[in-house]
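Annotated features in Swiss-Prot:
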type    : residues                                         : note
BINDING : Gly34, Val35, Gly36, Lys37, Ser38, Val39, Arg140 : ATP binding site
BINDING : Ser38                                            : Mg(2+) binding site
BINDING : Asp56, Arg80, Gly102, Arg159                     : substrate binding site
Amino acid sequence: MKSNRPKHIPITKIKNQLLSSLDNRALVLIGLMGVGKSVIGKRIATMLCLPFYDSDQEIEKAAQMTITELFKTYGESEFRALEQRVILNLMKNRPLVLATGGGAYINEDIRKAVHKNGISIWLKVDLDTLMQRVSKRPTRPLLQTENPKETMQKLMKQRYPIYAKANLTINSHKENRQTVAQNVIRSVQHYLDTEKNDRNNQHANQNCHC
């Protein structure tokens, strides 16, 4: 029985095939704050020679203020509305690698656009690793609570069932960022190969007159 694990082929050898099979789609990284979407996304984009965008950075450019200031001044609902406009606009620049904010994929309209025009990749990290990482940036709006760890656990409970709708899930807490980026690329190539095989099998079945 053949393994479903992506083969460890050098990235340089699968790059051109991946870009051809990607067919003008976006690679969209989703997951909670602190999983490393931006850092890993930049590395993926560099290895594949694709443009990289961070939706939070693009939101700050559009609003001319920080995410923290946006939350404080206009509230979360206004931030989410701007987030949707920015991400849907960024998706027009395909192919690209896009790192999204933790709540973006929860938005149904964003989720539909990602599934229509991209491949969604959930970067998953355990709670302790997350808390260790987010503690380095104490200004995160959603963690301005008396018990940030409890808040993070609630976010996991709320968001994980929706994150699970992603095309791919990559557990990234045990690997360094470069290795995770390489794992993402290999998993995307494996996904595209499977997608192509499924199309070929479907086409063969449709043309079968036996």
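Every residue number used here counts from 1 along the chain in the order it is shown.
Note: Cβ is positioned from N, Cα and C throughout, glycine not excepted.
Among the binding-site residues Asp56, Arg80, Gly102, Arg159, the residue whose Cα lies closest in space to that of Gly36 (ATP binding site) is Gly102. Around Val39 (ATP binding site), the same-chain residues at least 6 positions away in sequence with a Cβ under 8 Å from its Cβ are Arg177. Looking at Arg159 (substrate binding site) and Ser38 (ATP binding site), their Cα atoms lie 19 Å from each other. Residues Asp56, Arg80, Gly102, Arg159, recorded as binding substrate, reach a greatest CA to CA spacing of 18 Å. Counted within 10 Å of its Cβ, the other Cβ atoms near Val35 (ATP binding site) come to 25, all protein chains included. Around the Cβ of Arg80 (substrate binding site), the same chain contributes Gly103, Asn107, each under 8 angstroms and 6 or more positions distant in sequence.
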